[in-house]
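To keep things clear, I will list the structure first and then write my remarks on it.
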Amino acid sequence: MIIRSPEPEVKILVDRDPIKTSFEEWAKPGHFSRTIAKGPETTTWIWNLHADAHDFDSHTSDLEEISRKVFSAHFGQLSIIFLWLSGMYFHGARFSNYEAWLSDPTHIGPSAQVVWPIVGQEILNGDVGGGFRGIQITSGFFQLWRASGITSELQLYCTAIGALVFAALMLFAGWFHYHKAAPKLAWFQDVESMLNHHLAGLLGLGSLSWAGHQVHVSLPINQFLNAGVDPKEIPLPHEFILNRDLLAQLYPSFAEGATPFFTLNWSKYAEFLTFRGGLDPVTGGLWLTDIAHHHLAIAILFLIAGHMYRTNWGIGHGLKDILEAHKGPFTGQGHKGLYEILTTSWHAQLSLNLAMLGSLTIVVAHHMYSMPPYPYLATDYGTQLSLFTHHMWIGGFLIVGAAAHAAIFMVRDYDPTTRYNDLLDRVLRHRDAIISHLNWVCIFLGFHSFGLYIHNDTMSALGRPQDMFSDTAIQLQPVFAQWIQNTHALAPGATAPGATTSTSLAWGGGDLVAVGGKVALLPIPLGTADFLVHHIHAFTIHVTVLILLKGVLFARSSRLIPDKANLGFRFPCDGPGRGGTCQVSAWDHVFLGLFWMYNAISVVIFHFSWKMQSDVWGSISDQGVVTHITGGNFAQSSITINGWLRDFLWAQASQVIQSYGSSLSAYGLFFLGAHFVWAFSLMFLFSGRGYWQELIESIVWAHNKLKVAPATQPRALSIVQGRTVGVTHYLLGGIATTWAFFLARIIAVG
């Protein structure tokens, strides 16, 4: 920690009225670019308009102006998010069976969309129970609302209106902070102040207010709901907040107020701030008292963290000092210079944030099923599957985005003249060693993981089950994973003496939790089948990383194209007369990385979907006998490629393929349509530009003959544009196909 003389008191951190508000200018397409603003000569114009509209770097090189545009755009983004949330709450208020679901969440399905009968599509309104007909939703909003203590549709209306007000406020803020009071560059670069405010304000006070809401509103209301009290009889949130006696009836220590807090007699609060672990047997969700305790603890941590960085008071940590002190034995100057990179290149900053947020999103996916946070979430299998799949896809996209912006940083913002012998320079100088080793790892993993399956398929085809890798023949048990499971299952008695149960039932060690005759969670066994598919996960992840990392490390130069930096982030080839230099731009690596990200995530969600249906989800009889949805067939069927095709893809696609004429028929149509969208992508990916240009010339000739030729000249898509359209339809088609396949299946059987 370094103590410096305090900085001068008053800093002017905004410019007043920097840019006038002009609707005339905005109405002109391409106003941000001299070339595009001239209007279209060829059809390429519309593609350039879309490509460059949000590429603020191409509008100006002034970092302050770029920063203001990004800042303003963030408010626009928040406005859209509030608008979307408002729509979700409005549907809950206007078109849903929320109040009915609240009274009987085990027998009534959540629905918040009722289809209007226009051409007979009211068939989609299935019977979700309780006499309500609508589309079953799998977003988890009902469970979230119950956990928040929302007991009526009126409360949802109010929240929806509140979100609209916030959306308007955000739109105003976006305009105000660009046109009326725009922050100076120094404000965007003041990282210590930003850290303090974000840590203490957003994360600290945000968590504290949520903990407060949970203690004063959610806990008492859920206490009543769990006891079977009619939601209409339960006091309203403001009554709990204003009347301490009401709370004291449920939690006697409330009568003492804040005295135990100030007298350090904190154990008095153990009634509603618990450390139980495991799941509430009534709802199959985490104990809400544990969740409140968790948010309170998180709030304390972040409030402290938000006071650690040096600003006007000359005390605390400085980010620059921390980074420059960070030197390892093999990394030369270490992190010296990273501070300058991260305060002058928003692409570098964004890249780090995307990598961390993407990883965090995938962590969320894995916790949503192993530690289901909301009441009745664990037994809503459609929602569980949707939440896992959604967070996996989002995480995958964010991580590819991290590589994209790292490469843009390398091309546009990296200055090799000022970087010598720091961490980044060291990595770039031995990039060949990194990439060739990574390539070797990919080859090893690919041949060995796939080879295990091929061996099993061959032995199975030859009728030699005793020679297969399986739990009943040659075992390949995941011993490390089982050891980790065991360690966590035993933790309450050993490493976590304060907890009564382990963090998740998935580790093992406990009895299954069932709600309303359905399994919420049970110890998840791991065996040879999991060992095999986990190595496929390792393979696909490493290949994705290989492609993306190669794109970043060779973004500026390579042996093939030493002057790559001059060609920019995306270019088709290194000019005419240099064969074999196509698809080498940093953009192309992102393009290729997206396909492998899609491979990787697909295997993960297929593994999850089948494993849960086979070994976890199912019903339980009065005698305590569990019947799983697919009867535990994962361990023996998923060990061959044929098993995956026959017993997973084909067997479980029967619901979506046979959905016509039922309330699930929309999924059948989506399944078909999304296959078409996916196939359409191949037309762009497997075809050359010249083919289309020739075809266009011929069509233009016909138009000229008929004297209906347009003023704007038609042009074939450029190579990069064609690939963009291709990968977009490939991913969109693939994801929508998977969505229809999963949901038709799980809504029918779950």
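Just so it is clear, glycine is given a Cβ too, placed from its N, Cα and C backbone atoms.
Copied from Swiss-Prot, the annotated features are:
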TRANSMEM  70-93  transmembrane segment
TRANSMEM  156-179  transmembrane segment
TRANSMEM  195-219  transmembrane segment
TRANSMEM  291-309  transmembrane segment
TRANSMEM  346-369  transmembrane segment
TRANSMEM  385-411  transmembrane segment
TRANSMEM  433-455  transmembrane segment
TRANSMEM  531-549  transmembrane segment
BINDING   CYS573, CYS582  [4Fe-4S] cluster binding site
TRANSMEM  589-610  transmembrane segment
TRANSMEM  664-686  transmembrane segment
BINDING   HIS675  chlorophyll a' binding site
BINDING   MET683, TYR691  chlorophyll a binding site
BINDING   TRP692  phylloquinone binding site
TRANSMEM  724-744  transmembrane segment
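Location within the structure of each feature annotated in Swiss-Prot.
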{"residue": "CYS573", "record": "[4Fe-4S] cluster binding site", "Cβ within 10 Å": "17"}
{"residue": "CYS582", "record": "[4Fe-4S] cluster binding site", "Cβ within 10 Å": "13"}
{"residue": "HIS675", "record": "chlorophyll a' binding site", "Cβ within 10 Å": "15"}
{"residue": "MET683", "record": "chlorophyll a binding site", "Cβ within 10 Å": "13"}
{"residue": "TYR691", "record": "chlorophyll a binding site", "Cβ within 10 Å": "10"}
{"residue": "TRP692", "record": "phylloquinone binding site", "Cβ within 10 Å": "17"}
Using Cβ atoms and a strict cutoff of less than 8 Å, what residues sit near the transmembrane segment (433-455) while being 6 or more residues removed from its termini? 427, 468-469, 476, 532, 535-536, 538-539, 542-543, 545-546, 549-550, 553-554, 639-641
Alpha-carbon spacing, CYS573 ([4Fe-4S] cluster binding site) to the residue listed as 'phylloquinone binding site', which is rounded to whole Å: 19
Give the helix, strand or coil assignment DSSP yields for CYS582 ([4Fe-4S] cluster binding site). coil
Nearest of the binding-site residues (CYS582, HIS675, TRP692) to MET683 (chlorophyll a binding site) - Cα to Cα: TRP692
Cα-Cα, whole number of Å: TYR691 (chlorophyll a binding site) versus CYS582 ([4Fe-4S] cluster binding site)? 17
Honestly, do the transmembrane segment (724-744) and the transmembrane segment (589-610) touch, with at least three Cβ pairs under 8 Å and pairs 6 or more apart in sequence? yes
Within the same chain, the residues 6 or more beyond the ends of the transmembrane segment (664-686) and with Cβ under 8 Å of it are 123-124, 126, 135, 655-658, 717, 722-723, 725-730, 732-737, 739-741, 743-744, 747-748
Output the single range from 156-179, 291-309, 531-549 maximising the number of Cβ pairs under 8 Å to the transmembrane segment (195-219). 291-309
In whole Å, how far does the CA atom of the residue listed as 'phylloquinone binding site' lie from that of HIS675 (chlorophyll a' binding site)? 24
In whole Å, how far does the CA atom of HIS675 (chlorophyll a' binding site) lie from that of CYS582 ([4Fe-4S] cluster binding site)? 29
Other same-chain positions with a Cβ less than 8 Å from the transmembrane segment (531-549) and lying at least 6 residues past its termini are 399-400, 403, 434-435, 438-439, 441-442, 445-446, 448-450, 452-453, 456, 469, 476-478, 481, 589-590, 592-593, 596-597, 599-600, 603-604, 607, 638-639
